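J.: For reference, the structure I am asking about is given below.
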Amino acid sequence: MNFSRVNLFDFPLRPILLSHPSSIFVSTRFVTRTSAGVSPSILLPRSTQSPQIIAKSSSVSVQPVSEDAKEDYQSKDVSGDSIRRRFLEFFASRGHKVLPSSSLVPEDPTVLLTIAGMLQFKPIFLGKVPREVPCATTAQRCIRTNDLENVGKTARHHTFFEMLGNFSFGDYFKKEAIKWAWELSTIEFGLPANRVWVSIYEDDDEAFEIWKNEVGVSVERIKRMGEADNFWTSGPTGPCGPCSELYYDFYPERGYDEDVDLGDDTRFIEFYNLVFMQYNKTEDGLLEPLKQKNIDTGLGLERIAQILQKVPNNYETDLIYPIIAKISELANISYDSANDKAKTSLKVIADHMRAVVYLISDGVSPSNIGRGYVVRRLIRRAVRKGKSLGINGDMNGNLKGAFLPAVAEKVIELSTYIDSDVKLKASRIIEEIRQEELHFKKTLERGEKLLDQKLNDALSIADKTKDTPYLDGKDAFLLYDTFGFPVEITAEVAEERGVSIDMNGFEVEMENQRRQSQAAHNVVKLTVEDDADMTKNIADTEFLGYDSLSARAVVKSLLVNGKPVIRVSEGSEVEVLLDRTPFYAESGGQIADHGFLYVSSDGNQEKAVVEVSDVQKSLKIFVHKGTVKSGALEVGKEVEAAVDADLRQRAKVHHTATHLLQSALKKVVGQETSQAGSLVAFDRLRFDFNFNRSLHDNELEEIECLINRWIGDATRLETKVLPLADAKRAGAIAMFGEKYDENEVRVVEVPGVSMELCGGTHVGNTAEIRAFKIISEQGIASGIRRIEAVAGEAFIEYINSRDSQMTRLCSTLKVKAEDVTNRVENLLEELRAARKEASDLRSKAAVYKASVISNKAFTVGTSQTIRVLVESMDDTDADSLKSAAEHLISTLEDPVAVVLGSSPEKDKVSLVAAFSPGVVSLGVQAGKFIGPIAKLCGGGGGGKPNFAQAGGRKPENLPSALEKAREDLVATLSEKLG
């Protein structure tokens, strides 16, 4: 969008002073705000409500606004934090429950990240769970990465953004949604009515009538649009409906012709979308009215902030610009005087660091898979952009340091009203970013080396073929995708070397990746899973397992292969739904109880036994999975449900021990560590946590000692049920990946040691744990560590197993337990000596073979000659092959070129190239020569100009590869010698 002509109410230019880079001047009519602090007015509740705000009613009215009133609204604080607060207050005053943003890591398995405000309400829209409130409002953190290349280039593309939304679950519908959207826009936010346009679905006459007759929007500013633009669907079938969008007009003076295009982003910006979920689309394409009509809306915070703050683009709002100002300071440039390329780089870094900070805060660490790859890719793009701005090191004198942590600190400083938990995790977030940046800088160096190699290869091939040298598009994409090398930089370096790039091939690879990204990020699917049908019309299961291990219950449903049945007999695999159960269903990292369902025989029913091996939850319905061991089970019959008490005790011990482990970790290595996953099993516990290095032996010992001391203190556990807000205020830690009821959560406390929100089963007293032992600590991903441990009965079994192993080891080595270490070290030393002796013998044998074949060397050239030897040495390993080549170079007269190959074992090829100084001086390099030969054997390699090694996996191709090496050497050397 070209903003050079945008008047935006004739906004004044914003002065940027490098001495005060965080200052933002919005307008003389708006509150001035700096990035260093939050306007105090944001924290204060309104003392009065405007008469224009109408209480929630089925007959909403829109009041006319006087010019004085409009000026009053426009003079309000329009900082991003204030806009967010005003939106939530607006809908709270109309009966909406204000709910917190959900995590960027969604519970929905169909999407990688939270991409829309409606995602946390998807089960309600599907009718899978009952609504807890009739309507709600949120400010949802969102991530979208399907259009990364446009970030920073357009006025409003982002990876991280906030979506303000109001939602109705069968409460109000189209009329109220439309009128409140208009009130919010023109009265609360004071947008001039003649600048707001609306779009509707082409067949939605109801929406047209509301906009025209009840709201009063002129017909020329209501645009009917087709299904592609204004009809929302969740997939081929399922909930769907028309939508209506609000657009802001930057140029009303251009008129209201029929051919006005709302997609013209030089004139319009869409800022509010209203989805009227009123139909169910059947398999045959029919639209059936939904019994419960829903409303799903989204207003982009960054977009409305751009409009209200009167700045040319989203990036210059107070939500993002303070971050840009910090980056400008690090780069020692002025944003206002920077060229377009530099401005784009500043915007990209600011945008990506917002996304990275909130993703890491929500438990996503950089890695090569899934969400972790998103974080890694964003950090790498930010590092590259920083390099293009001339940012070296941390800009504090350390050229090998990282600059992104300073940017992250600014993001965290602005996070108070987006996610208050971010500041509590600041040290971990910053450290993960620092480590990833430093790691990538090393990768970038390797990428530069690879580019140099690829360009040399391109020039070498062109020299032989007499064609124009070019870099393959796949190679350019490899540099971009794996090493984070911008194609623009690749093109610049290539041009300097006289090499062009196959951009068509590069674009093909980019498009393939883009399609994959869009498939993973672009759609929120509303589909009713099979388990929803399985449990339809079944009441919630009453859980009795905290207080009892057995209970009488009634069979409500039986399922075989997901289909309901009335009766199952011996040998059947079955899923049993009961009205009440003592069985704990797998959740919160704790595995499910095992046990039995018994049916006693009497005059009316047959005796039966069902062995339960797993219990899962579908919402609040427990599904007992097992096998009928004897007899038959029928719907409606009464059973005795009995949990295996020994296995339950093992789970309880390991679950409480997990809580103690988290507390000990925080005490020993720092409060910033946080849980990233867990497993509570019968035989062990596993705890994943965010940390950037391995734990030292003394730290592990201290953790063990702390936990065993707490166990010895014999402290009674306390459990209580509290509102979520009260539990958090009390200091309770939330478990990773869990979603909590706002009104009621279970708190498990070991007084003075640990307090966590937890629905799992626990011991009554820490003494029941008996003992605790860490059995391993390792890294499982970048920034993620894992501890495995045993406690209670599993601890005793572990110790007994170790004792048994030691007894067998002592018997084998014929030493006492205290002498095992010395004996093993002596054996290892003897083994090393034997291996060295064997290696020396192999090398001597290879050297002997080399001496024998040296007479096969032939000469190339006439006036000046070079000796060439290309031979196969069967059954010679790579090290011995190297020794043979070194011997030949030292014994044959310079200049000499030697290439040797071998297949030392099945599916393995070893190659070596050794060129004397006389050959290298002609410009023939071993490192470059060996690569194409190795490719023929299904491998690769490289090295120095005088010596290189390579390998492969196709020994059957070795003879032809060596023949190719012989031909190429002769041709190349003949040409060099003239």
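Each Cβ is built from the backbone N, Cα and C atoms, and glycine gets one as well.
Pasting the relevant annotations from Swiss-Prot:
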type	residues	note
BINDING	His655, His659, Cys758, His762	Zn(2+) binding site
CROSSLNK	Lys773	ubiquitin cross-link
J.: Please list, in sequence order, every residue of the chain apart from His655, His659, Cys758, His762 whose Cβ lies within 8 Å of the Cβ centroid of the Zn(2+) site.
T.: Lys652, Thr656, Thr658, Val680, Val748, Glu756, Gly760, Thr761
J.: Taking DSSP as the reference, which of helix, strand or coil describes Cys758 (Zn(2+) binding site)?
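T.: The three-state answer is coil.
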J.: Once near-sequence residues are set aside, which residues in the chain of His659 (Zn(2+) binding site), 6 or more away, have Cβ atoms under 8 Å from its Cβ?
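T.: Non-local contacts for His659 (Zn(2+) binding site): Val748, Val750, Ser754, Glu756, Cys758, His762.
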J.: Would you mind reading off the Cα separation of His655 (Zn(2+) binding site) from the residue listed as 'ubiquitin cross-link', to the nearest angstrom?
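T.: The residue listed as 'ubiquitin cross-link' has its Cα 14 Å from the Cα of His655 (Zn(2+) binding site).
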J.: So if I draw a 10 Å sphere around the Cβ of His762 (Zn(2+) binding site), how many other Cβ atoms end up inside it?
T.: 25
J.: Comparing the recorded positions His655, Lys773, which residue's C-beta has the most other C-beta atoms within 10 angstroms in this structure?
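T.: For the recorded positions His655, Lys773, the Cβ with the most other Cβ atoms within 10 Å is His655.
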J.: Where does the residue listed as 'ubiquitin cross-link' sit in the DSSP three-state scheme?
T.: strand
J.: Inside 10 Å of the Cβ of Cys758 (Zn(2+) binding site), count up the other Cβ atoms and send me the figure.
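T.: That number is 26.
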